[in-house]
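Database features (TrEMBL):
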TRANSMEM  205-227  transmembrane segment
TRANSMEM  266-286  transmembrane segment
TRANSMEM  298-322  transmembrane segment
TRANSMEM  334-357  transmembrane segment
TRANSMEM  363-393  transmembrane segment
TRANSMEM  424-447  transmembrane segment
TRANSMEM  453-481  transmembrane segment
TRANSMEM  493-512  transmembrane segment
TRANSMEM  524-553  transmembrane segment
Amino acid sequence: FDFCQASEGKRPSENLGQVLFGERIEPSPYKFTFNKEETCKLVCTKTYHTEKAEDKQKIVDNMPVTWCYDVEDGQRFCNPGFPIGCYITDKGHAKDACVINSEFHERDTFYIFNHVDIKIHYHVVETGSMGARLVAAKLEPKSFKHTHIDKPDCSGPPMDISNKASGEIRIAYTYSVSFQEDKNIRWASRWDYILESMPHTHIQWFSIMNSLVIVLFLSGMVAMIMLRTLHKDIARYNQMDSTEDAQEEFGWKLVHGDIFRPPRKGMLLSVFLGSGTQILIMTFVTLCKCSVKITKGALMTCAVVLWVLLGTPAGYVAARFYKSFGGEKWKTNVLLTSFLCPGIVFADFFIMNLILWGEGSSAAIPFGTLVAILALWFCISVPLTFIGAYFGFKKNAIEHPVRTNQIPRQIPEQSFYTKPLPGIIMGGILPFGCIFIQLFFILNSIWSHQMYYMFGFLFLVFIILVITCSEATILLCYFHLCAEDYHWQWRSFLTSGFTAVYFLIYAIHYFFSKLQITGTASTILYFGYTMIMVLIFFLFTGTIGFFACFWFVTKIYSVVKVD
């Protein structure tokens, strides 16, 4: 976009998260000195010739952006950013920001917001060294066809450019600055003017309460079924040992000789568990830190740095489980843990970046940053994974409460609902039901440039998700064991991991129903980044399910007496 550029000044540097999110900070052409008011000060004048194709392109580009405006019930809705212009269609429909002013009524015309009123709120600090702190900055975009471009007075009709305009067009960009002392806003709560006016806050509260009620109800049911039924089972099994009918075993006790039989593709499962553990700890720590207000850039930086530093638990968990599955190829295991999942994410990310480079977007990540990310991965994360794996392989294999038989037991014919696929599909519904409203706000924050600030709520939802994934997996695992099917390892991982498939379906629905994205590149970008999120979410939820089931199986087989 052909805006006024700052004449001099160093470009501010962004943190890693801002670079990854495509946020770029540019020096502003609006200059102000504290408490010095400016009225209708000229920034620059841009001249266009409609005969030149490249000039016409600069004018006509239209972009919907968010701004601060009045909504019903006397409320103001604020969002970072302000509109740069708007368009009235040839049928007279006002698009985007054109709805805010009745003077915008010419058909097939663009209106340029070439003036901004900036109001800076501050409060004077009484304690310590005297000074003032800026606590809010509000901005109102306006449109003026300045009568004297060299000496603008900010009056007259709006700056309109008809789609059929010809000849030379001159646009003068101006701004006014005013300062207002505000004793009510404390420094600590300076962000609240953006947050208070956020839409959907009441929906958030309602949805959280709704999720909590569902989860508490489910937890109660699951806990009751598990405790009562299991308690009866265990009591019955242990009583039978003292009577004569010991040989007539039934239910889940029958498969005690096969329950810890190593799963097929144990290598892949252990690698997924390692990466999942890394993501699980990273998410937990990031959300703990984020319960205080934090920006999206800082959030991303925090997550990336944590992920790099958490190579050790990933290597340790992968090695420990691989060893307990009876695996021997420890070098392959460590290399896959270090490179498989991170490699897929990086490859996807790199392809998305190539598309952004090709489109000439400012959101493209500079080559230097890509090299820095690779350096973090190869020089810090990979060595840490090797260290974790070394300790994991050195420890003795996990001791199971029951021995595994030499000959695998025949699994009886399963009814429809105890077959693997229906169970896996059912298992993902519950956890997804608890998170999908939060998912809407998170997707809005990523794709619709809205502020996401309810990290306290998000942390609560994270805990709810962990509980629900665990309970749903344990419940389904119990039903399968009762049906004498002892292949629980992959099934427990996929049962809660299937939540990610529902996430993908929701993201596709969101794309078609909420976003007006046109163009192949943008569509590929949306689905490319969505696939990264889905993979991370799959590993995260799958790992929760596996650990819950592993704990459950170890627990129940350690309390029954086995001959």
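Positions of Cβ are set from backbone N, Cα and C atoms, glycine also.
Long-range contacts of the transmembrane segment (334-357) within the same chain: residues 22, 267-268, 270-272, 274-275, 311, 314-315, 318-319, 363-365, 370, 373-374, 377, 381-382, 385-386, 389, 521, 524-525, 528-529, 531-532, 535-536, 539, each at least 6 residues beyond the stretch ends and with a Cβ under 8 Å from a Cβ of the stretch. Sequence-distant contacts of the transmembrane segment (205-227) (same chain, at least 6 residues past either end, Cβ-Cβ under 8 Å): 430, 433-435, 437-438, 457, 460-461, 464, 467-468, 471, 474-475, 478. At the 8 Å Cβ cutoff, the transmembrane segment (424-447) and the transmembrane segment (363-393) share fewer than 3 close pairs (sequence separation 6 or more) and do not count as touching.
Taking pairs at least six residues apart, the transmembrane segment (453-481) and the transmembrane segment (298-322) share fewer than three Cβ pairs below 8 Å and do not count as touching. The largest share of C-beta pairs under 8 angstroms with the transmembrane segment (524-553) comes from 493-512, of the ranges 266-286, 298-322, 363-393, 493-512. Through the fold, the transmembrane segment (363-393) approaches residues 16, 19-22, 24, 274, 304, 307-320, 323, 330, 333-334, 337-339, 342, 346, 350, 353, 356-357 of its own chain, all at least 6 residues removed from its boundaries and within a Cβ separation under 8 Å.
Beyond the ends of the transmembrane segment (493-512), by six or more residues, the same chain brings 269, 272-273, 420, 423-425, 427-429, 431-432, 435-436, 439-440, 443, 447, 469-470, 472-473, 476-477, 523, 526-527, 530, 533-535, 537-539, 541-546, 548 to within a C-beta distance below 8 angstroms of the stretch.
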